[in-house]
């Protein structure tokens, strides 16, 4: 079975793929100090609790936190006797190479989302990922990543507002019933929610103008469903887009062996 690992700035997601479907998906806070042994104990406990008899023989990793990759490699080598495929490393091939400025490093999560998005929806595509940062990835007609946009993430914006303005509380993002808030919490929630609706609409509109094409828009990330309530922002919300991309990239590299 394949162990797919998506390490983001906030959380790290582990999924077990049996060749046809994901048997389980688990999430843990990203911590560069966490050892391979700790990962193994955590994973083994979850596998036991869910009664999944998974014999992991292969692994693929995407990580936006370089310091975490070493211990994830050790986890795979020591406990599963496999060498993980790491997206963004020279040994990892992509179906179509990104077309960006020479010397530019593209986040592996963005490359993975591009591969999955193209596989599921074809080219001329915008992938919006609501993560620690809110990213917009543009996929050309042939499946190549050709650039995009990086904006502060929703929760990051809320935290920054709370940290910079002592009188403002930390609040959770939600869809407010009205744009005009009648208390401080409602005002903040309205500003963030409607502000990000406007951000998505504006950036998508500008990308379409520059591309001279009716780009399809898909969304992923934990907060994507929140911004898909009653609006025509996205053609589709894909909950496990990154994991699907990791499986596709692993399969592609296996075929090249």
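Glycine residues also receive a Cβ, built from the backbone N, Cα and C atoms like all the rest.
If you check Swiss-Prot, you get these features:
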ACT_SITE  109  active site, proton acceptor
BINDING   6, 7, 8, 9, 10, 11, 12, 13, 132  ATP binding site
BINDING   107, 108, 109, 110, 184  substrate binding site
BINDING   129  K(+) binding site
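Put simply, residue 110 (substrate binding site) is 11 Å from residue 6 (ATP binding site) when counted between their Cα atoms.
Around residue 107 (substrate binding site), the same-chain residues at least 6 positions away in sequence with a Cβ under 8 Å from its Cβ are 64, 135.
A Cα-Cα distance of 12 Å separates residue 8 (ATP binding site) from residue 129 (K(+) binding site). Counting only same-chain residues at least 6 apart in sequence, those with a Cβ under 8 Å from the Cβ of the residue listed as 'active site, proton acceptor' are 6, 8, 62, 64, 129, 131, 242. In this structure, residue 109 (active site, proton acceptor) is part of a helix by DSSP. Minimal Cβ crowding within 10 Å, among the binding-site residues 10, 184, is found at 184. Taking the centre of the Cβ atoms of 6, 7, 8, 9, 10, 11, 12, 13, 132 as the ATP site, the nearby residues of that chain (Cβ within 8 Å, site residues left out) are 30, 64, 65, 131. Neighbour list (residue 132 (ATP binding site), Cβ cut-off 8 Å, at least 6 residues apart, same chain): 8, 9, 10, 153, 155, 156. Around residue 129 (K(+) binding site), taking its Cβ as the centre, 29 other Cβ atoms fall within 10 Å, counting all chains. Between the alpha carbons (Cα) of residue 108 (substrate binding site) and residue 12 (ATP binding site) lies a span of roughly 14 Å.
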